[in-house]
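Trainee: Provided herewith is a single structure, encoded as structure tokens, for subsequent inquiry.
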Amino acid sequence: MKLKQRVVLLAILLVIFIFTKVFLIDNLDTSAANREDQRAFQRMLAGLRVALDPHLEHTLQSPWEIAAQWVVPREVYPEDTPELGAVMHAMTTKKIIKADVGYKGTQLKALLILEGGQKVVFKPKRYARDYIVEGEPYAGYDRHNAEVAAFHLDRILGFRRAPLVVGRFVNLRTEIKPVATEQLLGTFMTVGNNTCFYGKCYYCRETEPACAEGDIMEGSVTLWLPDVWPLQKHRHPWGRTYREGKLARWEYDESYCDAVKKTSPYDSGPRLLDIIDTAIFDYLIGNADRHHYESFQDDEGASMLILLDNAKSFGNPALDERSILAPLYQCCIIRVSTWNRLNYLKNGVLKSALKTAMSHDPISPVLSDPHLDALDQRLLSILATVKQCTDQFGPDVVLVEDRMTLSHL
């Protein structure tokens, strides 16, 4: 064989070798990542049931210290949380040592301080489980049970970006009024045989109080994030105008996502993918009210979008507000890990998992069956939306690898 032929042959063999190596490595990496996603899903299913047990193993710390140490820039709580039940048990049983009006906002809530100095946000029951909230997708009062359900859905999706929430019954006469501030106490009243309060907020009215059954009020308590992690508020790029006849730009501009991608913090880092994860989360729970969102301060777009204030959810199981998915279908990108998790939850697994996760909550059943059924139907719509994107642009463009080591950012 002539030298020139040998050189050509060697060059061809080298190209084949390089191509084969790259192809195999890429596939091995993808396969390994997918296997880890599958293992993470199985671990999540195995840990779904959270028994509210006061026992803490292998630690002398308080439940509040444990929960505070869980928080890092990319998650509120870790994947492995053997003490989760103990923290949630403390949230629902620890003595209330102070009660005040809620922090600023549009909806009724109370700020409670529990024994040990832990702040929690209490949202009272306003609707029966089977009540249908008519009108706009963001209509009605906050739903306390929606906060509980949204927290467990956050666990199931593997996001771990929602603060801990658990149901709680409180005696307004013996637990709240004796420790209430004058500002909160001034909003208490009796309606019939029921103790009620209307609090202080933008939409709080004396004519629209939240009422207990007698003195016992059902509600949810949300664990306050540690003060060492101050929050920064951002306007959601896909927020609504809330003005009749006035559309936001994303509602009429098909190229809107291209403009978003050119602005900070969506031009780099994880924030845009967080927005899309959140759109999927909000579509599943029926939350069309995410006009702002919070992240940790001074993060330069690196920390997570925190899934706070999920109470405008689970209002109408028959309403599938597709516009909530606008970030997904306009940008046509999604994390591979999110895509894998959604596929694992098909065929009724999502409904079953959420029902199991909520079964130990003090206010169980948290959701009515129509709302659980709606979750599975909405999941199918999300999967179909991603398929439309992959059909149009190809999976290599749509499915984005973004596997950061969450606890080391």
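Placed from the backbone N, Cα and C atoms, the Cβ positions cover glycine too.
Keep in mind the model is a prediction, meaning the values are calculated, not measured.
Copied straight from TrEMBL:
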type	residues	note
BINDING	Gln107, Lys123, Thr222, Leu223, Trp224, Leu225, Glu294, Asp309	ATP binding site
BINDING	Asp142, Asp309	Mn(2+) binding site
DOMAIN	188-397	domain 'FAM20 C-terminal'
ACT_SITE	Asp289	active site
Trainee: Given a separation of at least six residues and a C-beta threshold under 8 Å, show me what packs close to Leu225 (ATP binding site) in the same chain.
Mentor: Val71, Val76, Pro163, Leu231, Ile306
Trainee: List the Cα distance (Å, whole number) between Glu294 (ATP binding site) and Asp142 (Mn(2+) binding site).
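Mentor: Taking the Cα atoms only, Glu294 (ATP binding site) lies 19 Å from Asp142 (Mn(2+) binding site).
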Trainee: So the record assigns Gln107, Lys123, Thr222, Leu223, Trp224, Leu225, Glu294, Asp309 to ATP. If I measure every Cα pair among those residues, what is the longest distance in angstrom, as a whole number?
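Mentor: Site span for ATP, by Cα atoms: 19 Å.
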Trainee: Restricting to the domain 'FAM20 C-terminal' (188-397), report the mean pLDDT as a whole number.
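Mentor: Summarising the domain 'FAM20 C-terminal' (188-397) by its mean pLDDT gives 96.
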Trainee: In whole Å, note down how far the CA of Asp142 (Mn(2+) binding site) lies from the CA of Asp309 (ATP binding site).
Mentor: 9
Trainee: Here are the binding-site residues: Gln107, Thr222. Which has the lowest count of other Cβ atoms within 10 Å?
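Mentor: Minimum Cβ neighbour count within 10 Å, taken over the binding-site residues Gln107, Thr222, occurs at Gln107.
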Trainee: Express the distance between the Cα positions of Gln107 (ATP binding site) and Asp142 (Mn(2+) binding site) as a whole number of Å.
Mentor: 7
Trainee: Measuring CB to CB from Lys123 (ATP binding site), give everything in the same chain under 8 Å that is also at least six residues away in sequence.
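Mentor: Gln107, Leu108, Lys109, Asp142, His144, Glu147, Gly219, Ser220, Thr222, Ala311 - these are the non-local Cβ neighbours of Lys123 (ATP binding site), listed in sequence order.
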